[in-house]
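**Q** Sequence annotations record features per position, and here TrEMBL assigns domain 'Tubulin/FtsZ GTPase' to 2-219. According to TrEMBL, the GTP binding site annotation covers Ala107, Thr108, Gly109, Glu139, Asn183, Asn201. Taken from TrEMBL, the feature region 'Disordered' covers 137-160. Annotation source TrEMBL lists compositional bias 'Basic and acidic residues' at 144-160.
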Amino acid sequence: MQLEVIGVGAAGCRIADAIHAGDPAERSVVGTAFAFDVDGEDVTALQSIPVARRFRYGETIENGLNGNLQRGFTVGEEHVDELSRHLDDGQPSIADAFVVAVGLGGATGGGTVPALVENLQRLYDKPVYVLATLPATSELEPSSDDRSGSGSDAETRPMAEENAVRTLERLEGSADAVIAFDNEEWLRSSETVLEARDRLNRELADRVLAFFTATASGTDEPSGAETIIDANDVARILGDETGIATIGYGKQQVETDDGGSRFGLGLFSAETSVDTTTAISAIETTIQKGLRGKLTLECDRGDADRALLVVGGPPAWLNRQAIADGRSTLESATGSAEILSGDAPRPDSDQVFAVVLLAGVEPAGRLAALRSRTKPLDRRRAGE
Ligand SMILES: Nc1nc2c(ncn2[C@@H]2O[C@H](COP(=O)(O)OP(=O)(O)OP(=O)(O)O)[C@@H](O)[C@H]2O)c(=O)[nH]1
């Protein structure tokens, strides 16, 4: 698939940067990556997105938005046309989808992304997938030191939770889907988001890239796959009703045994000698890791409305029966009949991988907890 990747706010820009940095040259999925932030220093500190694609907006805002999401929404509305014009410099017309990255909890990304997503939906006939982090609990607990790295005042921490829920409410009905990443789940004990963020962003980028590079776009060379997953399949599984999605990923190193075929000489064929039992076992193990291992957002597998599985690796290792069995495993784990599966041959690789996308996974524990602690806006307005 070909993606236009847009990061908004500090976290969103860093995540977009990590995706851009990890985009594999030989199987690139990032058409153009953009970084939008009101904080010029954060935009400047990025490593990978070309400088010409980084934009500071709202220069008149002094001292940032300080977690004031209401102000963030206003700033987003005010600047959305300006930001959308920058996107014309990319390749939106040939993109299969937009991926908009944001750290939920902040005011800049969380304030601008809803207006931007609405605008993208109006301007282009492409799905818009939001990639959103959930705030870690350490940010929600008042403490004497600034452990979160995003707000120094104890008063701002509970705000992260409320902000996250409000931004999600605003995205309702405009984002096609929200692929969630739970910072809390991915932090090691006593680690802060500030300390861990580069690792978290790499983990997230790895999964997002594993997923999208395993899918095909109309312009791709024939891959030799038995069942290709394309942009329409992804859109079908992610849906268009702002459902919450999560990604699982498993991989395993395998032996490749021919002289040079891994390097694109085309000698590697399904006939190459890989013991069938070993291949089946490798596929089963990676699918189990993808399905039962840590997801970007933890959830009950049985809550997923739809799911997608792509298994990739050296062609000789892609045992069709094991992939079909994996699909059945996914079917019984989710209880869903809306399951798609495909394969992604990688003649130049020595890894077997499985990427699992679960969609419509609510109520996902962490998200349900955030929502339950935040009063619906109508009750709040009524003074309850
Ligand atoms: N995974 C990840 N999460 C981050 C990162 N930086 C911040 N966060 C989280 O993202 C949330 C939003 O923080 P920021 O992106 O700094 O906020 P912002 O959108 O720039 O908005 P303001 O700072 O309020 O103006 C925070 O609650 C953190 O949990 C990062 O690099 N990676």
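Placed from the backbone N, Cα and C atoms, the Cβ positions cover glycine too.
Situate these features within the shown structure.
**A** In three-state terms derived from DSSP, Ala107 (GTP binding site) belongs to neither a helical nor a strand segment and is classed as coil. The Cβ neighbour count for Ala107 (GTP binding site), using a 10 Å radius and every protein chain shown, is 28.
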**Q** Counting other Cβ atoms within 10 Å of each residue's Cβ, which of the binding-site residues Thr108, Asn183, Asn201 comes out lowest?
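**A** Candidates: the binding-site residues Thr108, Asn183, Asn201. Fewest Cβ atoms within 10 Å: Asn201.
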**Q** Inside 10 Å of the Cβ of Gly109 (GTP binding site), count up the other Cβ atoms and send me the figure.
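**A** I get 32 for this one.
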**Q** Please classify the secondary structure at Glu139 (GTP binding site) using three-state DSSP.
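**A** SS state of Glu139 (GTP binding site) = helix.
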